[in-house]
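Visitor: A single structure is presented below for examination.
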Amino acid sequence: MSERILVNCALPYANGPLHLGHIAGAYLAADIFVRFNRLNGNEVLFVSGSDEYGTPITITAEKNKTSPQNVADIYHREHEQTFKNLDIVFDIFTRTTDPEHVKDVDEFFINLLNKNYLEKRYMVSPYCKSTGKFMPDRYIHGTCPYCGFNDARGDQCDECGRTLDPIELINPRCTSSNEEPLFIATEHFFLRLDLLSDELLNYLNTRENWKPNVINFTRSIINEGLRPRPITRDIDWGVPIPLNGFEGKRIYVWFEALIGYITGARVYSKNIKDDDYWKKFWLDKNVKSYYFIGKDNIPFHTIIWPAMLIAHGDYNLPYNVPANEYLRFEGAQFSKSRGIGYTVNEALSLVNKNYLRYYMASIMPETGDSSFSLNELVSRVNSELIDKYGNFIYRVLGFISNRKINIKKCEPDSIINEFKRFFDEYSESIKNIKIKNGLQIWLEAVTLANNYFNSEAPWNINDHERLNQVLFTSLKISMYLTAMLYPYVPSASSEILSSLGFKTVNYKFDDMLGFDDFRPLKGEPPFKKLEIADKKINIDLMVGTVKYVNDHPNADNLYVLGVHADRDITIVSNIKKYLTPENLQGRRILLIRNVKPATIRGIKSEAIIIAVQHGERIIIPEVNADDGSRMKIDGFDFNGDIISMDEIKRYKFIVDKNELVLEYNNSRFIITENGKPLKINAPDGSSIVL
């Protein structure tokens, strides 16, 4: 019996390009889940959109000297296209600046106000003396009072996931001026979460299908005691409060953006000219609603949004909130604001969407953080998708086509029952949103398929009926494998289905698995070996210990340093006016080791020292690694070439959040030491001098 399913996907901020962390956190899993359910005959509404009123949009607008609306317009269009580039297809990708959204927010606000779930209170808000303005929560950074993370935002700590108020931060600072904000009392509306605690706990007790990390994190916060939470702010960019006397205030983004899920469903209904269609998904208690989000969005979707829905009274509560953990880039967290890691479109310039979707699904951070590696992507795509699955399909189709064999329907070999079992296990995994496990089951089925074809060796069969049965069975197996792959890699799977003779437009599992009218076409191999020419950064960062420091005999402003790295080397450096020999002697320092040796005033120099300049200060970062150790640059390997100073100028090093970052090819990459970001005690924005 078919089901009606609502799938809502976190609304990304319209302030910059989408990166792979976004895709792994929410969007790819949601798209796979939606495609799977539609193949099963379920009716699905798939909703997302741009979150356009958040503080990140105003920050981006200020940096680019433009309006928040212009920023939102640009990135809304870019996000729409990016999702299409990756075959992620929503029924509706809405906008929170849409007037329809403002109507929904107004209705929600008044509903909760009339039911006494909103109340006016005074609260202290951060005020920046330099700008003369009240500052949004995200403009305040400091130390998290719960976990001690020293770069928590005023609305949330990215490290432990706690929602915060700016006044809770230890040593708070305005991001614009780095000065301590004033906290001034102003009147605002508060959501009475404290009145909803018991109902929230009762609701949570019915959520047996949630991931343990999601349910435990949520329950622990509620058990600590929920407090009234402000839903308005002294800001200019946001949905106006629908009451007189509050013209200078706006409804805060964490409250209004959640209502965008309802707006998206309503706007979609208008688009298909069925104004009540959305009600089938929001008012019917039999509908299952899923919210695909990243780890940082858990409290908003498991506490605040259910509380808002309970208070409102008309709408379905979330059936499941399958939040994923973080995708990391060589140990560091992907970050849109900091430009760390690949954006989606940068990755798609290196690999096609089929390969990227496959690899991202295979490393999806469902129960713990996972790490993206370009080298691993190449390896897994080539060894699994191409060598195992693609090669099986090509061998079957090629054998039939080359021998011009006309396949007749017959009873397949009993091994087909194993593939039915694989399919059942695969289906159970995806129904329970174990996307990575579903792909692993598929890979086990691919292995069995190759074993069957090799062991039956059709090229050695002389009996025509037996040959037909083996090839018919192989084609049936091909349908099972391709049907199971389709939610993960839809474009390539569609082409392979066509080459098997399956021409149906609206795919359903029943049709694919029951198909037996095979008219196979050989065509080209379904996949080509993946090679990424530009997968190496040609720079060798190595650790060395300073053994001695001498004055240069022919230049008053230069030092001659003896350094032990992979071997004993000599370096000529111009840091003499900044640092004494005592500052350098015995220090473990970071070098660019593969620079072409140069003779400087009569002495050969074999490397370049990495130094940090901030104002008039020069800092030599010290590292805790053995001499000769190489630092890792996110996902890239040193290719062993010697480079000139002109080539080195293609690379730019900066300090960001006390981490050494390499800028290259319009991307930013974290330098890591033993799998962790290399920490440098220098202010953000410090430049690297060589």
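Cβ atoms are placed via backbone N, Cα and C, with glycine included.
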Visitor: With Swiss-Prot as the source, identify the stretch among 98-102, 228-232, 333-337, 368-372 annotated motif ''KMSKS' region'.
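Guide: That would be 333-337, the stretch labelled motif ''KMSKS' region' in Swiss-Prot.
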Visitor: Among 12-22, 265-275, 419-429, 595-605, indicate the range for which Swiss-Prot gives the feature motif ''HIGH' region'.
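Guide: Motif ''HIGH' region', as annotated by Swiss-Prot, spans 12-22.
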Visitor: Taking DSSP three-state, what's Cys144 (Zn(2+) binding site) in: helix, strand or coil?
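Guide: It is coil.
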Visitor: Can you tell me the mean pLDDT for the motif ''KMSKS' region' (333-337)?
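Guide: Overall, the motif ''KMSKS' region' (333-337) comes to a mean pLDDT of 59.
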Visitor: Provide the three-state DSSP residue tally for the domain 'tRNA-binding' (535-632): helix first, then strand, then coil.
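Guide: Taking each residue of the domain 'tRNA-binding' (535-632) in turn, the totals are 4 helix, 46 strand, 48 coil.
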Visitor: Taking the Cβ of Cys147 (Zn(2+) binding site) as the centre, how many other Cβ atoms fall within a 10 Å radius?
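Guide: So the number of other Cβ atoms within 10 Å of Cys147 (Zn(2+) binding site) is 13.
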Visitor: Among the binding-site residues listed here, Cys144, Cys157, Cys160, whose Cβ has the fewest other Cβ atoms inside 10 Å?
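Guide: Ranked by other Cβ atoms within 10 Å, the binding-site residues Cys144, Cys157, Cys160 bottom out at Cys160.
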